[in-house]
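The compositional bias 'Basic and acidic residues' feature in TrEMBL is assigned to 532-542. The compositional bias 'Polar residues' annotation in TrEMBL covers 543-558. Among the features that TrEMBL reports, region 'Disordered' is placed at 529-558. The transmembrane segment annotation in TrEMBL covers 56-77, 112-133, 145-166, 172-192, 204-223, 235-256, 317-338, 353-375, 382-404, 410-437, 449-469, 475-499.
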Amino acid sequence: MSTFISVELQERMCFQAVPLCLEDVLDYLQDTVVKKCRCILKSKLMIPQLFSFQDWSGSLIIASLAGAFGSSFLYGYNLSVVNAPTVYIKRFYNESWERRYGHIIDEGTLTLLWSVTVSIFSIGGLVGAIITTPIVKFFGRKHTLLINNVFAIVAALLMALCQLAGSFEMLLLGRIVMGIDAGVSLSALPIYLSEISPKEIRGALGQVTAIFICIGVFSAQVLGLPEIFGNESRWPYLFGVIVVPSLIQVGILPFLPESPHYLLLEKNDKSGAEKAFQTFFGKDDVSHELKESEAQRNVKLESVLQLLRNRSVRWQIITVIITMACYQLCGLNAIWYYTNSIFSEAGISHKLIPYVTLSTSTVEILSAVSSGLAVERLGRRPLLIGGFGLMVIFFAILTVSLTFQNHAYWLPYLSIFCILAIIASFCIGPGGIPFILTGEFFQQSQKPAAFMIAGTVNWVSNFSVGLLFPFIQAGLQTFCFLVFAVVCLAGATYLFFVLPETKNKTINEISQAFAKRNKVTLEGWEMSQFPSERKSSEEQEHNFSSTLENGETKNNIL
């Protein structure tokens, strides 16, 4: 036992007037072992670097979960909810048409109606993305999420009651209203999460959006099983359950603070902002956070046109546009299209395919959670570039395996593996990080316009994939995946040369990384962000300045 007794304890035993009893020794040893184990875990497993729970307050966790459950969860749910009841919805269209016009609908019109049913969700999303900027400015981030639930509840009622009313138009209208809800959610939620989180966990919290999209897709697949709602009599319930996440969000968010940045900068409510910072950051002293936010107090909200004309953020905008376009054009929707046929080729029974398909969503969720845990350790850049790069590799292998799948019995199983690998690669980085980058690249005054641009690109790309993919697939067959491989390769190449790492960096540091490419001095960047504000010498010690020496412009950090 003497080998485990520290020098401190030996000294206490030697010089203390009253000898230590065995119980004292054991207590001391227990404390020492616990401390040593913690030290080993920290140094060997790097747990704090991977994920630090000390930055997560209870209010921050509740706000992120409630916000995502009533927002990005519904987006993911409505992406896949129409897959399971496809046959029954088409039958409902036929019955409604025959009851109204006396004859069944022709095949071409039925196909058109179904295509509109699926794609009109993206049209609604585009409308939602466009209207988000004025809504978040007037109502705030939290209240925008709350008001947005009106769209979800109205859409749920329209779609759930369409069969009872015998009106397929109600289903179409419900899909477009639900799209508006999704468009607003995917812009307002990332803004809210980025403004209530400490920079140390900004990326991890931002991944909550992607995680709940995956959970939404999985939930729709589970509820769409024949034993639950995926049958002819109960398929309208699939759309009715949308009200549950909305009501949960309405019941929780009112008890949480508004974004502290919004309160301070747009409502001039310093006291409210201080309380919000204290609530979300879990500490009493938030003077540093208030000081950082007050630096932007006199900055006016930029419009989309002003942001597009702003040279100091030109490459940030280009990066957001390319990243969001690749997010939708990378081919994940095509993967969902091929899943059932590939499982069938592998010899899986048609009755079992809906259950086996759940494995794809399980992989999605696990990959998204893993990305959320690793994003603050590894950074945004390697996860995003690596995700696109892996997708290129597995798309190439999938093309080969699909082309020659009749030549060997094991090739269909390789195709299944490639599908799961592509889904995992997407969720590792491209699935959530584009939303994080949009929140990190821009000042408070620019975020609403930036998210409007990102949302517009997102929904237009989404609609384009839904519109063009059937033609691409018909023309290229299994080689259609090479088109998506090229998109992923182009995205990875661009990000490799342009994207800086933004982990744990302030807006000033991120802008410094882009300054040379934007061809603006950092002093010019500051003037474009703070045109009406004269900085004190104390503030200037923490910002960038530029000086002229011998006719040359040199950037210094004071």
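Heads up, the Cβ atoms here are built off N, Cα and C, so glycines get one too.
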Among the ranges 145-166, 204-223, 235-256, 353-375, 449-469, the one whose Cβ pairs under 8 Å to the transmembrane segment (56-77) are most numerous: 204-223
Intrachain residues whose Cβ lies under 8 Å of the transmembrane segment (475-499), provided they are six or more past its termini: 315, 318-319, 322-323, 326, 329-331, 334, 380-381, 384-385, 388-389, 391-392, 395-396, 398-399, 402-403, 430, 437, 469, 517
In contact by Cβ distance (the transmembrane segment (410-437), the transmembrane segment (353-375); 3 or more pairs under 8 Å): yes
Segment proximity, the transmembrane segment (235-256) to the transmembrane segment (317-338), 3 or more C-beta pairs under 8 Å: no
Stretch among 112-133, 145-166, 204-223, 382-404, 410-437 sharing the most Cβ pairs under 8 Å with the transmembrane segment (449-469): 112-133
Sequence-remote partners of the transmembrane segment (112-133) [C-beta within less than 8 Å, at least six residues beyond its ends]: 78-79, 82, 86, 89-90, 93, 105, 144, 151, 168, 171-172, 175-188, 304, 448-449, 451-452, 454-456, 458-460, 462-463, 466-467
Selection from 145-166, 204-223, 410-437, the stretch that has most Cβ pairs under 8 A to the transmembrane segment (172-192): 145-166
Contact set, same chain, for the transmembrane segment (410-437): CB under 8 Å, 6 or more residues outside the stretch: 186, 190, 194, 202-203, 206-207, 209-211, 213-214, 319-320, 323-324, 326-327, 330-332, 335, 338-339, 342-343, 345-347, 359-360, 363-364, 366-368, 370-372, 375, 380, 383-388, 390-391, 394-395, 397-398, 401-402, 404, 454, 491, 499, 502
